[in-house]
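The annotation ATP binding site is assigned in TrEMBL to G83, S84, T85, G86, T87, G88, K89, N90. Sequence annotations record features per position, and here TrEMBL assigns domain 'Torsin-1A C-terminal' to 253-310. If you look up TrEMBL, you'll see 6-23 marked as transmembrane segment.
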Amino acid sequence: MLPPVPVVIGVFAGVAALVNWSFNWNKEVCDKKWINFNEEGLKKDIQTKLFGQHVAAQVILKAVTGFIKSKNPKKPLVLSLHGSTGTGKNFVSQLIAENIYKNKMRSNFVHLFTATAHFPHKAHIDTYKIQLPEWIRGNVSICPRSLFIFDEMDKMHPELIDSIKPYLDFYDNLNGVSYRQAIFIFLSNAGGENIVQVALDFWRDGREREEIQLKDLETALSLSVFNNKNSGFWHTSLIDKNLVDFFVPFLPLEFKHIIQCGLAEMVSKGHDPDIEVVETMARDLNYFPKEERVFSMQGCKVIPARLDFYV
Ligand SMILES: Nc1ncnc2c1ncn2[C@@H]1O[C@H](COP(=O)(O)OP(=O)(O)O)[C@@H](O)[C@H]1O
Ligand SMILES: *[C@@H]1O[C@H](CO)[C@@H](O)[C@H](O)[C@H]1NC(C)=O
């Protein structure tokens, strides 16, 4: 015999409510449960997982911690990370995201834009110029503590950079939305060659890499940043308006850092770390300058793919 209709409806409604409840319970919202800065976690991650970047480590830790703990930031945090490829710029951005958002890089409040992937066509610049500010506005109004990462910043069209400038500035609010809790991270290779030159000079003078200080690199950075007429980023007034809070240099990585990356990669792939395997792999990579072979050409970037051939 079939149960009476009201019972069927009642059971159905109950199940629906339960499904809805469990769905909402797992749904990421802009609150403390999902967004919770782990200061110790970030410190530990940067100290133990980021190799060979003592200058960047210090600047980033101070900048991010200071900003998130400040009750009343006057503007959003804007970091500009510079250095050659594979030196950890994306990686450190991930570490930041992982220590703020429970859902890490998958969080709905973390937005990664890659110039060549998201804004590839010069002809569509007028569309991008409307879209991007709209995305930023829309997302920050949903969650003030949003993180925006722009990879390949030096390949972004100057007009597109201009279109996001208001959001980086000292405004109390723009049309009712305040951007002062947001974090913007720009990644680029700009200045990479000058940073390499400084590191190489230290090496040739027989000085320790760890002696390199931010001030040794600041001239190198600002020279390339202001004088490089080829990269769009610098045409804009981002810099003269002081919208960037910190320029962060990433040093080229040496053989010993490649070893560290290799060992970490083996562990993360579930193998026992094997120094001989990693050294064999590291020796087969390319280093520059040609005679001295001090720095890895591609940093740690190719290691995940390369290692597979050696284990
Ligand atoms: N300094 C570093 N310390 C630890 N791992 C690194 C470092 N640099 C690069 N890696 C590793 O290489 C991968 C690629 O580096 P990535 O951060 O994308 O380089 P970039 O953004 O500077 O071009 C990272 O995911 C990470 O696993
Ligand atoms: C938030 O940003 C994403 C891109 O990361 C975009 O697709 C989405 O439309 C934005 N949301 C709002 C409400 O603007």
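All positions are counted from 1 along the displayed chain.
Glycine residues also receive a Cβ, built from the backbone N, Cα and C atoms like all the rest.
Take the binding-site residues S84, T85, T87: by the count of other Cβ atoms within 10 Å of each Cβ, the lowest one is T85. Neighbour counts of Cβ atoms within 10 Å were compared across the binding-site residues G83, G86, G88; the minimum falls on G86. Applying an 8 A CB threshold to same-chain residues 6+ apart, the list for N90 (ATP binding site) reads I149, D151, L187. Contact annotation for binding-site residues (S84, T85, G86, N90) versus ligand 1: T85, G86, N90, each with CB under 6 Å from a ligand atom. Those same-chain residues not listed among G83, S84, T85, G86, T87, G88, K89, N90 yet with C-beta within 8 angstroms of the centroid of the ATP site C-beta atoms are F91, N189, F250, G299, K301.
Neighbour count (other Cβ atoms within 10 Å of the Cβ, all protein chains): 24 for K89 (ATP binding site).
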